[in-house]
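One structure is given below, encoded as structure tokens.
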């Protein structure tokens, strides 16, 4: 019965009608396959099936549109254009076909042709008005400012007064030297969106930049009278009053602004930093003290506030307080590379708390793992803490990340690796790294001093060690540590008189000579025949944790042991 009914219906269709029906069915099957592969992202297959569909129905706009879409997605806008135009011409009521033509013209860097299409779509004032912003953008980029204004007016009629439209219109008016119209647009936005300080500040900026200072201040004061609890307006008043020389009024305005906890702490901190960078006066310092108290009262746990206060302390020479504030800032927000570096580099020194500094070097490598300088700092501090295996890992990481980009950092890293490898007993690697450091900078006193000292301990290349340590003490004749190294190089070379001369100088320049220095002096005196005096210095060195493990034997037996 099913087949009979088919036969009956087919008898009712003419041969031409049956062929047309078959053709449409084939085109539909190919079209569906083409759409399927387009969704799957297989553009070549999609194009193949859509072209097969087009062979059966070349005047079908949907197929032409889809082929254009495939070619456009394949970054072939030139080939896509004729298909898109044919689809749009075949169905002039379908806006999506027209929009694709516009998109293709944009890709082909023919924006005005795209604009013609969008202009036709939006010209009737009723339909498709949402495309006026795109049209205005095209005209703006093409420098067609009058046409852009028309499109923006249409957009405003559709959306109402809104910031993006107002801003674009202001830019056009300012470019055309029509300041009054730009101001008028700004006032319309302020009135339409009453109570939004951002719109007031945008217009204030335009007025200020065009030497309309009084007009800007009048606007701010008017808005303050309506909305007295907007701290941004008081900050604007502060800036304008200060520019006019109304210092007393400006200070009242900024104190009012800072008294409001709604003021953005970033704005606060930037204003605070700007003030302490001005010329120092008692009035300035008094104002800063008031503002600082207000910042801490309203924003007691804000990183930017601690940072600003820390910078003020550093500028005033109060380094310790400055660093403490930087640390507080980093505890709130560790993602501040500048402050991290300040804390780390200002915490090195003879009295440094290495464990405390290490907290921040670890923070540095955790927060900024791709920055080689933080791995370098971490390696140096671990070396100072006798964590030399970990130090090597961090220093090698720094070297790999730096990859030769910063020669100074490479040089310092080679020097630090020399120290760490020597402490680990890997003397060959240590001296190789020192050689690299000296090659990159033959005048680095720390590297020259350490390299010379380690060579002297090994009684290796003593002439080279002497040359390096001699170079250092000529440049730094009052540095006890460098003098001690040179004395020890001379001692290991058998020049005991020379060693005593430089050790005497070293002792003169050290208020509290180290245990190493005292023991070295005893060793030198012993070799010069002053045994009792040598033992006296060995005993002084005995109280220090820096003395060698041979010292007790020296004292007990009253003679030198290497």
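Heads up, the Cβ atoms here are built off N, Cα and C, so glycines get one too.
Record features (TrEMBL):
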REPEAT    27-60  repeat 'TPR'
REPEAT    303-336  repeat 'TPR'
REPEAT    411-444  repeat 'TPR'
DOMAIN    415-504  domain 'Cytochrome c-type biogenesis protein H TPR'
REGION    541-562  region 'Disordered'
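For the repeat 'TPR' (27-60), the list of distant contacts is 66-67, 69-71, 73-74, 90: same-chain residues at least six beyond its ends, Cβ to Cβ under 8 Å.
Averaged over the repeat 'TPR' (303-336), the predicted model has a pLDDT of 97. Here the repeat 'TPR' (303-336) has Cβ contacts under 8 Å with residues 265-266, 268-270, 272-273, 276-277, 288, 292, 295-296, 342-343, 346-347, 360, 363, 366-367 of the same chain, all six or more residues outside its ends. Counting residues per DSSP class in helix, strand and coil order gives 9 helix, 0 strand, 13 coil for the region 'Disordered' (541-562).
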